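What TrEMBL says about this one:
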type	residues	note
COMPBIAS	348-357	compositional bias 'Basic and acidic residues'
COMPBIAS	359-370	compositional bias 'Polar residues'
COMPBIAS	371-394	compositional bias 'Basic and acidic residues'
DOMAIN	2-334	domain 'FAD-binding'
REGION	348-394	region 'Disordered'
Amino acid sequence: MDTRVLIAGAGPTGLTLGVELARRGIDFRIIDAATSAFAGSRGDGLQPRTLEVFDDLGVLDEVLGSGAPPFPIRAHVGGRYVGERRMVELTEPTPDVPHPHPWVLPQWRTEEILRNRLAELGGHVERGVELLDLQQVPGGVTARLSTGTARAAFLVGADGGRSAVRKALGVDFVGETDESIRMLLGDVQVTGLDHSCGHWFGSAEDPARGIALTPLPGTDSFQCAAPLPDGVETATLATLQAQLDEFSGRTDLRMHDLTWSTVWRPNIRMARRFRQGRVFLAGDAAHVHPPTGGQGLNTGIQDAYNLGWKLADGSADLLDSYELERLPVAASVLGLSAELLQRHVEGHAEAHRRGPETHQLTISYRNSPLSRDERTTPGRVRAGDRAPDSPLRDASGKQIRLFDLFRGTHWTHLAFDAEPPATSSNVQAHRISPTGTSLVDPDATARDIYDVSPGTHVLIRPDGHIARITR
C-alpha cells in the first residue's frame, strides 16, 4: 500500500479527517481536484457541537478569535425600518455547555485554520489531483488519479455533492433538487451599510421575500442572499446590486469587490450507503443540505470526527459502526434542514429563528452496538449521548474541566466516587469524588450533570460520546 488512508476532498470534512489521522500518527494522503483553496463564505455558521470538536482538535482559540457571535439583524420592509431581530438568542455558558450558541466564521477561514493545523501535524493537501476511478481489491483500494495510481487500505470520499467517489461506487444519491427556487449568494462589500449588524430588506408586497446581508467577521464584506430574477442564470455584481436597489429602495448603497458568488437551488439528497467495503462517504458526498439551519458543514465535520478514530483503530466492529451511527443522524438533520427551508418558502414570520435543535448537542448514538448502558434504571444521560462538560478541581485546588480530560486521542474512564479499574494505555482513568486527593466535585455538579449515583463508571470514546455506563 502507498498509504493507509486516501482522502478525496479537502473541504472542512476532509481537512477534519486529515487532522484526526495526523494527530494519531496514521499515514494518509489528502487530494483535491481544485487547484486553489475555496474562497467563499458559504458555510459560515459553526454550531456549538462543532466548537467542542474544534476544542479537541486544537483550533478553537483561532476559530473564536477569527469569528463572532451571530449578529443582530436590522429589518426593513418596503423601505421602512421595522425593528431589530435575532436569529438566535445569545446565552451564557453553563457548566455542561461551554459554547451555548453558534459562531459566525466564513468557510474559507475555517478551512484555512484546519489546513494550518494539518500543516502543524505534518500533513498537506495535494491540489489539482482528481480521482478518476477506483477499484476495490483484497485488503485495499486502488484509485486511478489524474497524476497516477494510488493504493490505500481505505478510501474516504469527502469530495462534495458531485462526489467522484460516490459515483464510482454506483451508490444512489436519493432526494430532489427544486428548480423552482433559486437564490443568489455572494461575498461583497457594500458602501453605506453598517458592518456591525446584519440587514434584511423585504418587499412591501411580500415581507418574506427580500435580500439579506450578513457581516463576515475579519473582513469588510457581507454574505449576500437574494432571489434570482427570472431570466438570470449567474450571480454577477450587477445582478446583486439590482436586487439591493429593488428591495432597499435606496440609491446610496453601492456594492463592490465581489469575491465569490454562486446560484443556489434547494438540493436535499442522501446516499443510500455511507460505506461500501473499504470505501467510506462523508460530508456532502454523503448528504447535501439547504443552508437553512446551518447543518451541512457541521454534519460533515462530525462525520469525519466519528470516522477518524475508527480508521486509526481499523477493527471491523468500529468500522461497521460508522454507517450505523452517522446515516440516521444525517437523515434526521436533513429532515430538520428541509423543515426550516419550508418555513421560509411559506413565509412564516419567525422563519429566521433558530433554536437548540440546530446546535447538534443532542445527537446521540444510543442505538449503536458500541453503546452499552448496563444500569437497571438508566438516567437522563445515557450511553451513546454526547459526554457533557463540567467544572472540577484537581488535588491542588486548581479548577479544570472534563473537556480538558477528554482532549486528545484517548478514551476516558470516569469513576464517580469509586476506584477506577486498571486500564490499557489508550484509556485515561480518573476518580471523581466530593473530597479527597483525586478530582474533586465538591458540589456534585458533575454527578448531577451525568445523572449518576456513587459507584458509577462512565467510559467515553475518543469522539466525546459515551460508550458504556456501569454501576
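Including glycine, each Cβ sits where the backbone N, Cα and C put it.
Owing to the predicted nature of the structure, the values given are computational and were not obtained by experimental measurement.
Counting residue by residue with DSSP, the compositional bias 'Polar residues' (359-370) contains 0 helix, 0 strand, 12 coil. Residue counts for the region 'Disordered' (348-394) by DSSP state, with H, G and I taken as helix and E and B as strand, are 3 helix, 6 strand, 38 coil. When averaged over the domain 'FAD-binding' (2-334), pLDDT in the model lands at 95.
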